Ligand SMILES: Nc1ncnc2c1ncn2[C@@H]1O[C@H](COP(=O)(O)OP(=O)(O)OP(=O)(O)O)[C@@H](O)[C@H]1O
């Protein structure tokens, strides 16, 4: 029975292993076609360099060839990966395809490979060996999935910038994923060689690469079973055809292409996304006693942020100009100003996303400018974004777990060995994430995908994710946008309670009422410059601020005032949950007087 299907089963296993080499990088959002080149290099060098089966026996000969092939595949991935890892999407695909084609052409013209005739190899691989190898590869990716490393790769796939802001070293993770792909492709190349008896460079051409990619995408690149499902489908279709007596060779590629189209249009996560994703809240989330994050925070009153003459210029437009600012530990600083005042640019510089054009800045002892974003996050800066940057296809709990990246320990290798300490560390990370979800009131929605949450809940989830790293400085960019006044009041309470715990908070908000109520100090920006800084009461009465908000002093005399404006419900004009424009934060009666900010003043002379 097994013998009858041995060839089909072996090819399902081989196809799945090759598809895993694509999955290895797809999971991190990378599109590579270089795996055909890695497999080809591995197959030829393994078959050529490994000792003969007659000298060492079948299994040792195959194992030595596998070791050579996987090392060659991994090494080739390092050599190709170092210069190409900064490429994204189709550019990476083109560069890696170029590499695979170059390998094919070079091997075609070598004597030792047999050129177009190919190289004869003994058949050693059996169906049992092929499935054992597949089981090991699948096990690797299964154990990776719920490790800190696996979650970091998924976060990079979902939103690279947010992943950096969570403290993930994106370059290192992408290279590691690429090297894994090289090793797995190398394994495939050697196993294939030791099964088909004769290998030629054309066995690893463009068509083979695309087939491997299609198998992985159809199966699903978001779950470790995807490549297996994809390979099963791709290999079984011709068998079913034969069984029902339809011999047309075009049916399989046609069905595969059709399925690819259906998957891309309707099932972006592939067949595997039909399987439910497990997300379990830990039962002992409240038990915080033994979960110290190991972070040390500045003492109350210490300098957290020091900016001197900080500026940012975009092609002649001064988004931020000469800002001097100091934020001390324990302060809740509100950053307000009309649209386009430079608020987001300023916090982007503080969190390392945007390098300044002039001036100096030190954040938690780290000089910003050339320091990568993940290092600034590691120093203790955490943030949310003006436009939500959640990891959409991950659950709420998984989002927050990624947020805990910096305060959790690497678990992947220990998970491979099934060590209890890995389980303990994963549970500690889960408890940390669960506590943060509870703190923002989202514990009940832990299992929901981030993209399925309401706008207000998404904003709270971003705060929970930012809190998970136990930061010393929390930066919130318009956290109340899109919230109704009840939600905004609850958010204000949350910020106050976080501040009571000693967290330093800098937040941008158009809801001036909320800012005045929540902050210990308010900084007002206009045209990229600080026009006022002081307590909420001082700011509410500051004529320069009132003018910046209401357009002119005469308008103010007509009844407009910052304080009056704050009384207005900031979301009254947005029943559909769309974030309100800045103008709704002023007295509706005076809103008509709000002038569009004049950006001419910020233009460089
Ligand atoms: N990447 C960029 N390239 C060019 N100009 C930019 C860029 N980012 C911001 N700006 C410009 O810098 C100025 C300040 O923008 P910024 O987004 O920092 O203001 P903001 O106060 O956060 O505004 P809002 O309240 O609307 O979010 C604007 O004139 C904007 O057009």
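Cβ coordinates come from backbone N, Cα and C, glycine included.
What TrEMBL says about a protein is an automatic prediction, not a curated fact.
Taken from TrEMBL, the feature transmembrane segment covers 6-26, 33-50, 62-82, 89-108, 120-142, 175-195, 254-275. What TrEMBL records for 305-552 is domain 'ABC transporter'. Annotated region 'Disordered' per TrEMBL: 555-605, in sequence order. According to TrEMBL, the compositional bias 'Low complexity' annotation covers 561-576, 583-592.
The listed stretches are 6-26, 33-50, 62-82, 89-108, 120-142; of these, 62-82 has the most Cβ pairs under 8 Å to the transmembrane segment (175-195). Mean model confidence of the domain 'ABC transporter' (305-552) amounts to 92 (pLDDT, 0 to 100 scale). Most Cβ pairs under 8 Å with the transmembrane segment (120-142) belong to 6-26, among the candidate stretches 6-26, 33-50, 62-82, 89-108. As a quick check, the transmembrane segment (89-108) and the transmembrane segment (33-50) clear the bar of 3 or more Cβ pairs under 8 A, pairs 6 or more apart, so the two touch.
Beyond the ends of the transmembrane segment (6-26), by six or more residues, the same chain brings 32, 35, 38-39, 125-127, 130-131, 133-134, 137-138, 141, 157, 177-178, 180-182, 184-185, 187-188, 191-192, 195, 212-213, 215-217, 219, 221, 224, 226-228, 230-232, 234-236, 239 to within a C-beta distance below 8 angstroms of the stretch.
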